[in-house]
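First comes the structure, then the notes that go with it.
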């Protein structure tokens, strides 16, 4: 280590302000297997050199502050400081660069996403020397990964619980999202489940409002689940949203769901918070409940290309905190999501080992070792004509969720569910026979519609519906 970057208590305390780069920019540093690595997109203020801006990010997200303090001499900053070890330009952006920062593992509490984010995406994002700052990716070392429980159950255990294999799972968000009474809500759930869906879902903003208190909703939905199971012979579920104003109330709702014997509950992990989410995930594993995660508020954090945090980081954090499903965009529907980037973080959710691949936005190789995987949920503006593309893009280990694409069917909820189930089964069969879903998708759907009047009606209603806007999230 060069004399410039080494911090020695023996030289005595010298008050004053010095450039961050003298201590925190260390281009010769060799990263350790135990370091947490971060890739930041940095937009400095005019006149701030890249080395100084990158070093400032490393400093302000680890041990540094704006001036020298005498207590620096009471510890070893070389052991604990973050280091900006590499800087690279951003193609097509003269004012931006990627700063790579390494953090010693001792800076973070074991098993706490909350603590990790408090440092890495804390006050540094308001630093005046930066015009904008975005966390593009994190490398979580194996040593830190092993301190997390992760998803309550994971993909294989969920399939075993549901006894459903070889195809994506089908879901539906009950609409209108607000305003239904508990009994009418339960009726809508029943109609969808008996028609062929595997799951129905509370909308993310359904908690416990005056028009429908949570306990009433839970009871009527449980009744709908059991009735649909008896009629179809299949295991069914409804994502009962346990999100609440306090952790205690959230846990009370999860306990009641377990007492009803339902298979799955739901949480809004960003608005609810990582501490609450991790607590709920631990409860779900201990009590046999699956946990569906909604990402409400994510676009506030991840949609701007130059500031905030990319969703792949939020996806990694969710896998650590715990969840069996998480919404991940659709590529083809009404919500944001470019194909290669979406598939990049979908792999980060599902797979054990993911190689670095900058073409898909993956900055670091990630080894999850034995942490269970998470099912990505495709939801938002999708309908039967999208089924071939969704099946081809997301594969079997996914949940395809049609809200308006089920309840908007001209004949009602159950026929809407039938249409989606028939379309899915047709696509899976065609794929298994070796047909090209991307090229022959429409033909496959039309052929299935000839013997399914429910699917034929759905095809007619949504034949002209498209959401063709350019994606914001591009490389």
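Glycine is treated like the rest: Cβ placed from N, Cα and C.
Record check, Swiss-Prot: substrate site residues include 123, 173, 177, 295, 379, and the candidate from 86, 238, 327 also listed there is 327. Within 10 Å (C-alpha to C-alpha) of residue 204 (Mg(2+) binding site) lie the following recorded positions from 173, 175, 177: 173, 177. Among the listed recorded positions, namely 175, 177, 201, the Cβ with the most fellow Cβ atoms inside 10 Å is that of 201. Residue 204 (Mg(2+) binding site) carries neither a helix nor a strand DSSP state and counts as coil.
For the substrate site listed in the record, the two most distant Cα atoms among 123, 173, 177, 295, 327, 379 lie 37 Å apart. The binding-site residues under consideration are 203, 204. Their Cβ neighbour counts within 10 Å are lowest for 203. Rounded to a whole number, the distance between the Cα atoms of residue 203 (Mg(2+) binding site) and residue 173 (substrate binding site) is 6 Å. For residue 123 (substrate binding site), the nearest of the recorded positions 175, 203, 294 in terms of C-alpha separation is 294.
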